[in-house]
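Enquirer: Would you mind keeping the following structure in view while I ask a few things?
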Amino acid sequence: MTMTHLNRLILISLLFVSLLLKSSTASSTVVDEGNRTSRNFRYRTHRFVPRFNHHPYHVTPHRSCDSFIRPYARSMCIELQRIHRSSRKQPLLSPPPPEIDPRYGVDKRLVPSGPNPLHN
């Protein structure tokens, strides 16, 4: 092997080891269920951060928007709750039961009325 291939191999192995170390330290920085050592750590969406509370505006079912201290966070919480409430759709009405054609004893087919869309 030439010297450049050896240097490239060493560089790749060092990068791999540093990534492994970084991922292991990121998972160990969580002190307990809510407290974290870094102020910005809770804003990360890293794969080692628990999925249930990885977003700064995540509202748990027992938490109200009044518990947020910052006004922006509180207004964002209220807005997200409003969006969530409006996104819940009413259950769709079931389609009417099919009409049976008395002449043939089969379901009636709906025929569109109005102008022919294929006619120019």
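Placement of Cβ uses the backbone N, Cα and C atoms for every residue, glycine included.
Pulled the feature table from Swiss-Prot, pasting it below:
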type	residues	note
SIGNAL	1-26	signal peptide
CARBOHYD	ASN35	N-linked glycosylation site
REGION	85-120	region 'Disordered'
COMPBIAS	100-110	compositional bias 'Basic and acidic residues'
MOD_RES	PRO112	hydroxyproline
MOD_RES	PRO115	hydroxyproline
CARBOHYD	PRO115	O-linked glycosylation site
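What does the local environment look like for each feature on the list?
Expert: PRO112 (hydroxyproline): 7 other CB atoms within 10 A of its CB, across all protein chains. For the recorded site, PRO112 (hydroxyproline), the DSSP three-state label reads coil.
Taking Cβ-Cβ distances under 8 Å and a sequence gap of 6 or more within the same chain, PRO115 (hydroxyproline) has no neighbours at all.
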